[in-house]
């Protein structure tokens, strides 16, 4: 591709070869000519070349070389390749400079290849070409190194049946193949190239265009038959061709299509035919002077009599056959003028846009491209809608142009065709539907399956029934696949089909339901989202203060509470006064029937009803408008009924001028509102507390960084303060004592202690020296450090943690979804209960008045019996409405999950949401990977045995020689030996090693010098003659020693065997032909592993070890940590099958792994726990991520999960007790025992239920990780190493565990395939993954190399 560089002022567009020139050199060239040149666009745009095939006639006067050189002299032609038979030239050219027609005129006698039309790289070819039905396919081929590769591919593919031409280009790494799709498929061609040993991929997926009835693109592109006679004939009748569409029933497959096409296209009167199997139609371009419609119809039927039924579709009967131009070599422009062609619309998903300037630059560049009619790029939807002319460009072309600008682009759907027929056509088509409308069926076929995700901030949700309401209503909408609403976070996660709907429409739907909704994440569509950088926040409470002040949700309830309280106190005072002072005041009348008491109560009640209850009324109205009921509806019902009933009774009494006072309920609304708004206010305060952990994590983020520039030898040249967002990877950042690390990085200079407690939960400061990694958000304590940034912005560990915790808090535990469903039916149910209570008591009262009389407080004889009954019935039914609360049900899980995940994050345990939390407590089996999980993953020297006396070779001299010899080795065992020797000698440098040779599987040999300085420093005494001593060294296994003529004594052999039995690798060292040392090396077990395994077992869990290592090593490690069941020699891809096998036995499995090669198994397990790793793959696949490399955190994560689930259950008990017990008491079921409730008691109980649930969740904040010291103390004397006989080892995948059912052959096959598929997927997902089918990450101890048990070095 040749980039294009634009100069704005004079608009000089230069197309150049990027291999030879750069924008800078071109700019200089213009400067040298005396002009000022400014690069307006420093990013040159690639220009995509087009390709055309030319057929060279056999009688041509020019040779192929002459034709090539003639063509190459022309501007705009980039390359000309000749086919092996010298009959075809493939010309690559830039269409904006020259076109196919002009190329033919350059070389006389050359014709456009008849077997395929001119193909631009973008045009979407049809699989059935008009005449010879050939298709041009472009393939990208990787792995070609020289011209013999190209000739191999050309030779091999050219011989295949159905291949007409192939040209392979080494420079472009591509092949252009012309083939006949009815003889060979594109897939087969790709397969054949791959069989030759190359990697082939389609530059553009070959696919038949699904032609709609109005899709005349093919016809516009109709080609000549290639011979001059037909050309002449066509030009005579050029204006006489018409187009007809037939409906054909009875076609079964593509061979029917090809049959009809080949038969009908031979008729002299037919210029073109396109048959579509899907649409059961044929579009025929024919000459009406030579043939009639009826004859054509019969001709098609005659292709296969009895099979094909041909008819004219109704809507086409009046379409007077479009006049099209048949002259094929007219340039596309001429065609376009004749009748506006159809345009197509495509939606391209674009990732990587950050702001409006990205949008403008994409729109600017793409709108300049040939054939693009219009483009609209949407930043919030991450997509662009492009209307284009398919004759000039195609979606793939547009997509690659956007990718060339540096964005990730993918096609989201097939193009939709929009036609703009010529005026005369519109006159003639009376019955046709408007051509610009595409039939719904047509669009449905093109509909995409891509699903996008957006987050919507939802305000105004008060309880679980709001959640159920939003979820239920949105699921009904078209284009929405799923929706999860999180009450606590005030967020909705919506998965939707971008072809049907978009985030702002979704937010609008939520707004219609009566809630506030705004699309989250840089939405610029006038939602007024404002980003402020706030400096000077020091801790979580600052974050909280800002959030709560801005959100004002607490404010609403606080105001409501205070208003109600002001008026409620006098009401309560009046009530108490009435009870104590008896009823003189009550009997004082202002008017007949209106007592002072009632009048005062009424006055106090009105403002509460108006102001205190304002918010409730609004919410209830919104809910009822959408035919749903929530908490607010219940409250409003209760208060309004009480108020209206009392008010009406007063009016009636006044009208009747009653002697006695009617009994009113004016005291109910103020007291109800007081308790409810108090409850809501407390609940909001507490909810705020639950997300404090997240706020604290966010507040760890540093806001500024000091970037420094270093000169040679790390000399500081300059330093500047910048916003942390501006730090790039590779920048050098300076962190002063007491400062926060702004990004993740590696220390390059300085020593310090760093406090990482808030991220890893590790209380002790960690020492950092050059080469160590540091985590963003941790605090530097005493020394100044220079770090090189490795992860910045959203990639830092801290950002990942915050993101994980945020996602966890919006996710739902399965138990919660049940609760939300319940809440949806809760309100209608309670209203029904309330009505039933009302009528039940009225009936009971009239049947047996004594019951009511006995339990009705404040009954006096002056009131009529009927009034007493109705008043009592009313009181009971209103109390039912007051006490019922779906809130507490809705809060039971999310509050606990929020606190649980937050506490986990503070302790270095990241749990991804409610589901893993709930699943972890059900786990019965914990499977540990060995390397890097139970062990450190790096081999260490365990023991050195000296085989000669120290007077012959001093021990430190031997260590110096052996360490120097291994310093050139890259093998993990060699590295371990060198590291050990350096540590023992306390030196960073060793001697010099020459003539270094490695024999894989045996050992090394070399010469060592310059070790005296090392020893001299130590001993202060040195023999003069030793100065230039050269030692020849051999290090390796038995076989290596035997090969070099050294005898291994039997006692040494015994010692080696003993080490090998214990899972170690024994290595021998010889100096100057004398065997002088035995070094035992092993991958060491982590110190806390044994305690962790013991604790898990004491929690009632089965512990299994799974490794790719040999069975000896596995057994040795298992005995050290106390595991009795081992799966050894399991390949990474089979780990999945092993986990599945355990699950098939009905066990819930937790898998603990350390990264890449475990990721398939982590994903497969019920709970995947990734330990102490930063590998993105493991974090992706796992459900729980442990930040510290500490096995005790596995215990802690399961413990925390159990505690949280226990808390959730307690919460549910609280919530249900209030409702299950409270409702019957309120309804008066327990009246015979004397239990009766006033409405205000009901509302107090209701408020208490919500608050108690939230407070119960907050108790989780007290959670302490089980400390190792306590557990060690408890386990003292009970931990013991297992003897090898107690350990059952299962090798590979074939052997199922003891006592487990044998898998049938079919199951095994399924397990195998599933395992390999999973490992394949995980491999795709991992950015930096290790090949998945090697054994464990550092599988060093693979024992079976020689006949005897020697290990490779």
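Each residue, glycine too, has its Cβ placed from N, Cα and C.
Just so you know, TrEMBL annotations are computer predictions that nobody has curated.
Among the residue ranges 541-560, 561-580, 701-720, 721-740, the one that TrEMBL annotates as transmembrane segment is 561-580. Note on the transmembrane segment (561-580): residues 586, 597, 600-601, 604-605, 607-608, 611-613, 666-667, 670-671, 673-674, 677-678, 680-681 of its chain, located 6 or more positions outside it, place their CB under 8 angstroms from a CB of the stretch. The largest share of C-beta pairs under 8 angstroms with the transmembrane segment (665-682) comes from 1240-1260, of the ranges 633-653, 825-849, 869-892, 1212-1234, 1240-1260. Residues of the same chain lying 6 or more positions beyond the ends of the transmembrane segment (869-892) and with a Cβ under 8 Å from any Cβ of it are 462-465, 467, 487-488, 630-631, 634-635, 637-638, 641-642, 645, 663, 665, 668, 672, 683, 816, 819-820, 822-823, 826-827, 830-831, 833-835, 837-842, 845-846, 849, 852, 856, 1208, 1211-1212, 1214-1216, 1218-1219, 1222-1223, 1225-1228, 1237-1243, 1245-1246, 1249-1250, 1252-1254, 1257. For the transmembrane segment (1212-1234), the list of distant contacts is 815, 819, 830, 833, 836-837, 840-841, 851, 855, 876-877, 879-880, 882-885, 888-889, 891-892, 1242, 1245-1246, 1248-1249, 1252-1253, 1256: same-chain residues at least six beyond its ends, Cβ to Cβ under 8 Å.
Broken down by DSSP into helix, strand and coil, the domain 'HMA' (452-518) contains 22 helix, 24 strand, 21 coil. Per-residue pLDDT, averaged across the domain 'HMA' (452-518), gives 85.
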